[in-house]
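Here's what Swiss-Prot has on this protein:
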DOMAIN    28-289  domain 'CoA carboxyltransferase N-terminal'
BINDING   C32, C35, C51, C54  Zn(2+) binding site
ZN_FING   32-54  zinc finger
Amino acid sequence: MLRDLFVKKKKYAAIPSEQVRKDVPDGVMTKCPKCKKIMYTKEVLKNLKVCVNCGYHHPMNAWERLDSILDEGSFREYDKEMVSLNPLEFPNYEEKLESDRKKTELNEAVVTGEGTIDDMLVVVAVMDSRFRMGSMGSVVGEKIARAVEKAYDLQVPFIIFTASGGARMQEGILSLMQMAKTSVALKKHSNAGGLFISVMTHPTTGGVSASFASIGDYNLAEPGALIGFAGRRVIEQTVREKLPEDFQTAEFLLEHGQLDAVVHRDDMRESLRKILEVHQGGEMAVWQS
């Protein structure tokens, strides 16, 4: 008995039963990946998917983004039925596309169309990273190019929200061609006096960051967005140097002159409205000359 006093007792942890776990339905709570605070999902959604504790910007899907910037009921979608095929017969590509269509209820990684911001007509494209990580394949490039051409025809500004892992590897050179195609369409729009606003969200990388995302008349970004071409580890191994902690963040790019502004999501619609308002007179004068 005396010996038992000196024996280290085992510590046990209570493991929640399945019944306890089921008391909180899926989707009710959201954990912030930055500050780790657990919040009611409805509270996060009400705050435009921005953490109420630390300001972290959670990813938005395409429809949430459109709802946050456009006048209610003003959006009209373009090219909704366009879908990707498998021209290079890449293994399992069709199955992955179909899986993403079911998961996201989208046909591709970008939604394009027209709508109004404070009654000012714009053509808008919004990339959705849930679909193949927002990668740019031939259909994504085609939809963006067509949207730019529509903005040119309507003589209205073009706005894009980017969120992409870059070119889509399953489409090879056909994917890389979209970098040139979209850039040429934007050049035509620009030469005619058209306004182009690019808003980079997390993440904007690879061929998307190296093409249309970076050539706006105004280049904006959301706080903390990862923006860059190659990955951090690849660059460090190439230059054999340790990169700054904030390298490839929106704030780093702003400090080094690659962005015009970092705009909080709460202020995005108003910032776009002000830019559009400033360019209304000048832009129309160019179109009509």
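Cβ coordinates come from backbone N, Cα and C, glycine included.
From a predicted model like this one, the values you see are computed outputs, not experimental measurements.
Cβ neighbours of C32 (Zn(2+) binding site) (same chain, under 8 Å, six or more residues apart in sequence): I38, M39, C51, N53, C54, Y56, H58. The binding-site residues C35, C51, C54 differ in how many other CB atoms lie within 10 Å of their CB, and the one with the most is C51.
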